[in-house]
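Enquirer: Please see the structure below; I have some questions.
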Amino acid sequence: MASSFLPAGAITGDSGGELSSGDDSGEVEFPHSPEIEETSCLAELFEKAAAHLQGLIQVASREQLLYLYARYKQVKVGNCNTPKPSFFDFEGKQKWEAWKALGDSSPSQAMQEYIAVVKKLDPGWNPQIPEKKGKEANTGFGGPVISSLYHEETIREEDKNIFDYCRENNIDHITKAIKSKNVDVNVKDEEGRALLHWACDRGHKELVTVLLQHRADINCQDNEGQTALHYASACEFLDIVELLLQSGADPTLRDQDGCLPEEVTGCKTVSLVLQRHTTGKA
């Protein structure tokens, strides 16, 4: 999904120059470019900062996470190029607006600002020390962390509804509730979002599978006309997009803004998968 933010030839050293006729060594020597070297070092430091952030999520404020999210997208994707989300009135719009507000900000500036905030969150951070491997470091900020951007308030067990359990990915509770018929698998919240919408938004693939097994309406639309496929696409969960398509989701359904699922994502791979599936059914 990421678009290159390095100048052409920055990785290979190719400056576009030609070998002079007097050089018979057979090896091309390119002029040393401090600018390219500086950009490469900045990009490397940015990637280290993104990896380090995974251990700082709990200490970062909501505003800081939004700030970091926007700059991560600016570096990896470029200028905001997706329609304003309508599937998630609060969180989705805030994330989109934070990214959109950067306008034509350069990737270099975005990387510098991102690194500065990570350093502020952890003044003792040493980029030279490798990050610990494992579950915490498996996802780059801006990937699966997109929807889990905020720390949600702790809700007492007795105050939880079925959507709270869905957000928590409590498969056992949801399965029992559906099997006992205490809850309709297609029940909707006040915004018209079904459990399947929520599971797709949060990236809970196993829960998505369970809901589909219990005959969740795969093409159910919320109050804005968006399907679960719109949600999975917008959040860039490729594996869930593929699961939905394999299970019969309709990629040709448009929301109230006239957008197809392929048009609400910033991920080229997700968009291509949806386009190919649509073409194959035509």
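Just so you know, glycine gets a Cβ as well, placed from its N, Cα and C.
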Enquirer: Quick test of your reading of Swiss-Prot: among 1-31, 125-155, 156-186, 249-279, where does it put region 'Disordered'?
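Expert: Of 1-31, 125-155, 156-186, 249-279, Swiss-Prot gives region 'Disordered' for 1-31.
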Enquirer: Starting from the acyl-CoA binding annotation in Swiss-Prot that includes Tyr69, Ala70, Arg71, Tyr72, Lys73, Tyr114, which of Lys84, Lys95, Lys120 is the extra site residue?
Expert: Lys95
Enquirer: List the Cα distance (Å, whole number) between Ala70 (acyl-CoA binding site) and Ser106 (phosphoserine).
Expert: 12
Enquirer: Reduced to three states, what secondary structure does DSSP give Ser106 (phosphoserine)?
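Expert: DSSP assigns Ser106 (phosphoserine) to coil.
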Enquirer: Treating G and I as helix alongside H, and B as strand alongside E, what does DSSP give for the repeat 'ANK 2' (224-253) in helix, strand and coil?
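Expert: Split by secondary structure, the repeat 'ANK 2' (224-253) comes out as 16 helix, 0 strand, 14 coil.
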Enquirer: Between Arg71 (acyl-CoA binding site) and Ser106 (phosphoserine), what C-alpha distance do you get in Å?
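Expert: Between the alpha carbons of Arg71 (acyl-CoA binding site) and Ser106 (phosphoserine) there are 10 Å.
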